[in-house]
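Here's what Swiss-Prot has on this protein:
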REGION    1-95  region 'Disordered'
MOD_RES   50  phosphoserine
REGION    113-156  region 'Disordered'
COMPBIAS  121-132  compositional bias 'Low complexity'
COMPBIAS  133-143  compositional bias 'Gly residues'
REGION    171-214  region 'Disordered'
COMPBIAS  190-199  compositional bias 'Gly residues'
DOMAIN    204-267  domain 'bZIP'
COMPBIAS  205-214  compositional bias 'Low complexity'
REGION    219-226  region 'Basic motif'
REGION    232-267  region 'Leucine-zipper'
MOTIF     303-306  motif 'HCFC1-binding motif (HBM)'
């Protein structure tokens, strides 16, 4: 009701010019007698409905009563200074009334305005949204309508949203500070003892174990490759030495094959000249010469027999008086040749000593 009266006074003051704005005398407005009576009745009703407001609105009631008694007397509109003083004087009563109103409420009721469960004392009147049909004091029902109910509900909704955001902000700050402190503790004590610390260590070990396994496998592969390469190198060195030996043996075998080919050609020629050699040898035997040969004897180590592998020939130191002086008689078909051959001479002398 106080707000409604303030609005009426402000409207009347805006319609009438003040003394400071114009030098003319203040305009007079004659209020009807029925309007003054209604205002006085409303004052009395408000005083009876809310006893806490009797003292605050006593002066206003007297002012309205004086206006009603004078009737057509000129009424001066309140100045802005008087309105401010009146608003300041009314603040303590509103604060105590708001505190009385909030004393019977819980936090959950404030946070859920759509389903209110407010249990107020019988003597307290709620300054919340009131409908014109009923609820609250009679003065509130007279002066407030559906628009005021919707505005009050919107204000209460905003108030509950603000409280919810404040609570969420406090909870978020506390949770973030707790998480930050826990993270700092874990960083300061990496091996520190706690359930979370041990779980973190287990997670770190689980993430590091595949890396360690991969590094160990790579190192093992490198060692295996190195060992394999070293084995190949040693095998190559051994095969190179063996190859050299085989090459030397191949050369020796090549020489032996060549000697065998020459000997085979020589023996084929002897067999081809068998008849002439047989007649010559028969005549020599008739002359009284003894025929000898080294064909059926084992050749000595220094023999140059081409059918046998050639070894290191040892030079036999022969005495001067034992030196052989024989000659080689070569019969080739119809031709007979005498050759001087030391090897044949040694064979001949060795056969004579038998």
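Just so it is clear, glycine is given a Cβ too, placed from its N, Cα and C backbone atoms.
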Item to complete: Tally the residues of the region 'Basic motif' (219-226) by DSSP class, grouping H, G and I as helix, E and B as strand, and everything else as coil.
Response: 8 helix, 0 strand, 0 coil
Discussion item. Quick check on the domain 'bZIP' (204-267): DSSP residue counts for helix, strand, coil, in that order please.
Written reply: 64 helix, 0 strand, 0 coil
